[in-house]
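Annotated in TrEMBL:
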type	residues	note
TRANSMEM	A:21-41	transmembrane segment
TRANSMEM	A:61-79	transmembrane segment
TRANSMEM	A:100-125	transmembrane segment
TRANSMEM	A:145-163	transmembrane segment
TRANSMEM	A:170-191	transmembrane segment
TRANSMEM	A:211-230	transmembrane segment
TRANSMEM	A:237-258	transmembrane segment
């Protein structure tokens, strides 16, 4: 037992970084990036929700607005001491200028990166219930986060150096326009050096591209910070050299930075129908509903000869014995959130693909062929708006009305054939169309 | 010096007018490089971004340097604030419209005027809530996000939420922009810009 109470240890002051990170402007900057990216992603959800590759592309593309916003946020934070009129006071403290700079700049950089990562996480969660294949593409997220943090640091340097009220909004606007021009450009070194450059969903970056991009953006920012605030400004040369080396590597690699997604070249097929139905492996889970949408067509084509082997769904032209499946991507048109938007329209487009397939140098179809095409289309999968178009034609001149009567008669003749007769007629029709033999198309 | 001149100087209005003029010159220059004679849709960047920049300029001029002193005045401030905002919005509309002459049914002067009013309204509201210096932030975030998000957006709702990107004759877009302007102007006129203390 002791009679002397031990003195209480003095309470340790929280680290300046912690105070800056949890209070003040830094969390608000992160929230601004989260909110802005959220508005962008919510407004364009039909374009990406339901496919992992499209989600990654859209999240990466959001850097076009997030990077200028991060730079403006950093610029705003950089002008803080001038607004508070505490610059002279800071000049009297023992901490080095670099430490003072980082204490106020790093939290904003970290928060804007965190805001972007949160937005990306929410986008991935939103895609999860609707994804029909593939798996999350996360390769570019670290590089994107570094680019945002780098933009915030560069903006901070600008905010310290430029004493103007309009510095932050001008920096945001200039960054947005500059990145937009660089993104819209179709060639040149700017494409590879642009951290917000978005490629097609069917393309993936090489494994080292995000790392090189991170060194490029992070090195530039670090060089600017050291050049502005370090006691030995020559140290800025080290990150600058790394950034230039990464930039040269990116520019030299050119289009070689990207490779086609191996999954996009694969298909999954349902061979139980004729023709077989194949969809791209990127959204393999859509096969049942695509098969269902085409079931009315495949049912009517049972036993018909001369058909393509399958509806295919991959980049490039179909092989001679294949027909192109209507485009499911880009999302937002035929398919939204893992569902076909209009199965009847999809079936009609699939039938159109059956008749005009392969490398057939189509000769000008005669009236007889057009009649046959129209009757086949109407029998297998009529255009949803066909009634509307027929109504317009019915109000036309005598020639239009006569042509419509002729087409309706041809449709009725095909529909009125016996099962076996129609199967033989369709076999002859598809065989002739497959051979590009206009004269061989049977009359109706 | 008259009270009006003193008021204008205290709000740095000469600098704001110069910045608005520079914005208009830049918009005319940029529009001339877009080669939009046959395809007015190419003017969308000007129609969306020039009003945004003008509204940022207007927003920073809403700053009151002696807010506490202003509150002791006998005369009400709201007519002056409202007149300042309306005058700057009208001036910005007049200055920016020549950048996109012609094609009023798509992306011509009506669309620029609508976007100038809408962006100014959002900025004025932000000045009342966030402060004049940071008033550009919400409009910048919203317009740039909508710029990227609205391509391919269809339906009546899209004409309202994507109002900065709509053709000039779209009633839903006009309604959204005018509501933003009226609400923002009223909020700013009544409350003024949020005071920016020493921690701002």
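Along the chain as shown, the residues are counted starting at 1.
For all residues, glycine too, the Cβ spot is worked out from N, Cα and C.
Pairs of Cβ atoms less than 8 Å apart link the transmembrane segment (A:237-258) most often to A:211-230, out of A:61-79, A:100-125, A:145-163, A:170-191, A:211-230.
Under the criterion of 3 or more C-beta pairs below 8 Å, with sequence separation of 6 or more, the transmembrane segment (A:211-230) and the transmembrane segment (A:100-125) qualify as touching. Between the transmembrane segment (A:145-163) and the stretches A:21-41, A:61-79, A:100-125, A:170-191, Cβ pairs under 8 Å are most numerous for A:61-79.
Long-range neighbours of the transmembrane segment (A:61-79) within the same chain, counting only residues 6 or more positions beyond its ends whose Cβ lies under 8 Å from a Cβ of the stretch, are 25-26, 29, 32-33, 36-37, 40-41, 104-105, 108-109, 112, 115-116, 119, 144, 147-149, 151-163, 167-169, 171-176, 179-180, 183, 195-196, 198. Among residues of the same chain six or more beyond the transmembrane segment (A:21-41), those with a C-beta under 8 A of the stretch's C-beta atoms are 48, 58-59, 62, 65-66, 69-70, 73-74, 76-77, 80, 107-108, 110-112, 114-116, 118-119, 122-123, 126, 148, 152.
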